[in-house]
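Heads up, the thing below is written out as structure tokens.
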Amino acid sequence: MPTVLIVGKSNVGKSTLFNKLIGYKKSIVDDKEGVTRDAVSGRVSYYSKTFNIVDTGGIFENPEDDIINKSKDLTLKMLNEADLILFVIDAKNGITSEDYYLADIIRKSNNDVILVSNKSESERRVQNNLPDIYKLGFGDPIFVSAEQGKNIDTLIERIVNVLESKGLSLEENLKEESQSIIRVSFIGRPNAGKSTLFNSILNKERVLVTPIPGTTRDSVDELVTINGRKYLFVDTAGLRRKSKVDYKSLDMYSNVRSIKSIENSDVVVILIDAIEGITHQDQRIAGIAENRGKATIVAFNKIDLIKNFKYKKEEFIDQFNEKLYFINYSPLIFLSAINKKGIDNLINAIDEAYKSLHYRVQTSAVNSAIQRMMAFTPPPKGLKILYGTQVDIRPPTFLFFTNGKKVPEFYQNHIRKTIRENIYPFVGAPIFLKFKSRH
């Protein structure tokens, strides 16, 4: 599918334009400069035409820190990979030296360019800045207001025309594709190695990796085909403790996006920093994924930094069973994302967890196993479980009819254990139980 890259200096409204084009708020928008760091991608559907759109970090002529410099390098690298560039400028505040600097860089890419003059609400300001806009050398701009949605359809039509003139196909069966994609999010504390793992699986630098916790702010996704199977991998911002997050801060927005990514996933990979071990925040993250009915995989990363790891592996397994006992049905994977070790095992675990999430068992098998369970371990006094059946998938959900007595939590856990050990293991998938009175 063709890819369109949004490029411009900081704070010209690239992320607002991106969100308007894809039809929902995916890129974080804030008045501060340099909010977008990674390349955030989405899909634009316009009647029967579809294409990918990528929001990039603002390019500074003289970056002030290492993160902004790496963001600039990532954007420059993508200039030659895209099929079309949207060069976004600010019609409200006029053309600056940074715009001319960026125009020279874009020209060197020899790519097709559409000049987009954003913040064009004021006709007077547009007219005042028109001579400088044409000096950029990219011909007639399209004047838009991403904030108000002005001329967005005109911009999309221009994009479609340019892409089709290059012989690129914009036709795709979105319904068929969406049904076959496994959606996987990487969740964890800041600096657990999520972005390194994301880049290692993609086999290219797609998101920034630095030793500084919290480098990733947006949730960044990429569609990948591995062994004929499609995966949508999502790298998320590290989830910070609530007590450390100002409700008005960018970290708050990042936390919200990360939780939203969990909700939109089939499989959640909970990435643990092997050096620090499982923390209370990791437990909280696991609880969020379980409560939302997502398949989970627990992965210890950075094992390359653990001396004599093979002799300490059992310690990590014990730590998993002790601190993440409530998702002990999850596959446990050991990784070195930076060295690309353990990634094949991770992909296999994702496949197995996805299968479990969608698996259905026969009603006869459920009742046979539950009757045997009750014969060996009778329910609490006064409680009768009459029969049960699986009523849903994603997650596997079972409905049991009872005589109306409340089923205590310990006995619910016993039912789940019986299902896993005697019917189907549902590796990686939580089992939800419902109870209904039938007199």
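Using the three backbone atoms N, Cα and C, a Cβ is placed for every residue, glycine included.
Residues or ranges marked as GTP 1 binding site by Swiss-Prot: 8-15, 55-59, 118-121. Residues or ranges marked as GTP 2 binding site by Swiss-Prot: 188-195, 235-239, 301-304. Residues or ranges marked as domain 'EngA-type G 1' by Swiss-Prot: 2-167. The annotation domain 'EngA-type G 2' is assigned in Swiss-Prot to 182-358. The domain 'KH-like' annotation in Swiss-Prot covers 359-439.
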List the Cα distance (Å, whole number) between Asn191 (GTP 2 binding site) and Asn11 (GTP 1 binding site). 27
Rounded to a whole number, how many Å is the Cα of Thr236 (GTP 2 binding site) away from the Cα of Asn11 (GTP 1 binding site)? 22
Secondary structure of Thr236 (GTP 2 binding site) (DSSP, helix/strand/coil): coil
Looking at the binding-site residues Asn11, Thr56, Asn191, Thr236, which one has the fewest other Cβ atoms within 10 Å of its own Cβ? Asn11
DSSP says Ser120 (GTP 1 binding site), in three-state terms, is coil
Taking only the CA atoms, the spacing between Lys14 (GTP 1 binding site) and Lys194 (GTP 2 binding site), expressed in whole angstrom, is 25
In this structure, the one of the binding-site residues Lys14, Lys194 whose CB has the fewest other CB atoms within 10 Å is Lys14
Rounded Cα distance, in Å, between Gly8 (GTP 1 binding site) and Lys194 (GTP 2 binding site) is 27
On the domain 'EngA-type G 2' (182-358), the mean of the pLDDT values is 83
Neighbour tally for Gly188 (GTP 2 binding site), based on other Cβ positions within 10 Å of its Cβ: 24
The number of other Cβ atoms within 10 Å of the Cβ of Gly8 (GTP 1 binding site), counted over all protein chains shown, is 25
Number of helical, extended and coil residues in the domain 'KH-like' (359-439), per DSSP: 28 helix, 20 strand, 33 coil
